[in-house]
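Worksheet: the structure to be examined is printed underneath.
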């Protein structure tokens, strides 16, 4: 029990080995699996019992994190047990809310993922971007399914927590979830809505596969001016008319192309990797009971905030490591633009020539809009900045500053007491939602795309030549080897040699036979 308590993910093989070492007993994997389920039920409590403690858990969160929003929605009618049935839960912790307001850019990723426990459902999340282009969580909610009604309910609480008044200032990015477009149009009609290009490409490659078309789609999405977008579309039309028609029928390019992005957001993000990263880190929590899942998420975020703050304190410079990598990449590409600036002006600019020199050069000769959209100087502007003998880091937007990072990450989460010390509640006891059992074995692995074969991902692995340790040949191992090993062959030859009589023994036997026959004759 204590071993499983310290490691709830203890595999069946390790438990069987532990039982064999301590008790000298062999048990089947089915017995171990059932025993582990009983142990986890005693350690974590039953999933049904945790729904009855939800009100106390929300009261404890509000007590330890003042200003947090914990809302529960339940059915107005009563179930078979005489209690209302749980439907939804919304959670927005006050430190996370303050961290977003303290310095995160006004771009929010929305996504939903499946819950794998006894009582299924969906986990809706809202994730922001910090000054180092990392993800900062804002809020999450447990709902019965992913539809317009659930997204509308989630977005209303989210807009109230973030105090969204100027809707034109905010941008949301998502994977075109079911009902999300309609919900955003009802709750936040003035906000910009971006679509993840990776999700669009997954739909595109079902009918138009190929590496050449993939590169052209991503080049179109990466265009930063309308002229580049039009030229890329013409090239696509010349290359494949069917693919061109698919892109023309797709959502308007303002949802997924950088050329149509506004400049106040200071983010050229075209993929929803922030939410994907968050979902990957909470994968183990999604098959747990509801309070256990919420606690795993909260404890993970509590540790992550401290780790990222400590890691940033070790970094030197005015920005984080990810932003520094972007700047250094553009610095390398800026060297090819230095002769162009010299040719335009006929001399090398030295010394101060006005604070707006680099900005004026960029506006006059550079039309890529990458600096305006992302807030990071492009390679053309960095070349002009070097002509002034200045540091390109001083031209970064304030949203990438190291000081702003610490303002966000000073909002830490606090530990909570055990369930024995939670405040009591006068709200009605909740029954769990009606479980829906899907046919077949529950799936834990990610669903493969229709274009992914069985060997998808194996092509990226390094090829290893297998040598048999018995016969020394390649292409198989010792378990499947049909030839005897060298030692066995030698032993077999020795045994055969011992079994066969030598020449001297043969001669002696022949002589004995002759003498015996001679005696019989006489």
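Going from the start of the chain as shown, residues are counted 1 onward.
Including glycine, each Cβ sits where the backbone N, Cα and C put it.
Annotated features, as they stand in TrEMBL:
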- 357-389: domain 'SWIM-type' (DOMAIN)
- 431-456: region 'Disordered' (REGION)
- 468-483: domain 'CCHC-type' (DOMAIN)
- 479-522: region 'Disordered' (REGION)
- 487-508: compositional bias 'Polar residues' (COMPBIAS)
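When pLDDT values are averaged over the domain 'SWIM-type' (357-389), the model yields 77. Counting residues 6+ beyond its ends, the domain 'CCHC-type' (468-483) has no Cβ neighbours under 8 Å in the same chain. Across the domain 'CCHC-type' (468-483), the DSSP tally of helix, strand and coil residues reads 0 helix, 1 strand, 15 coil.
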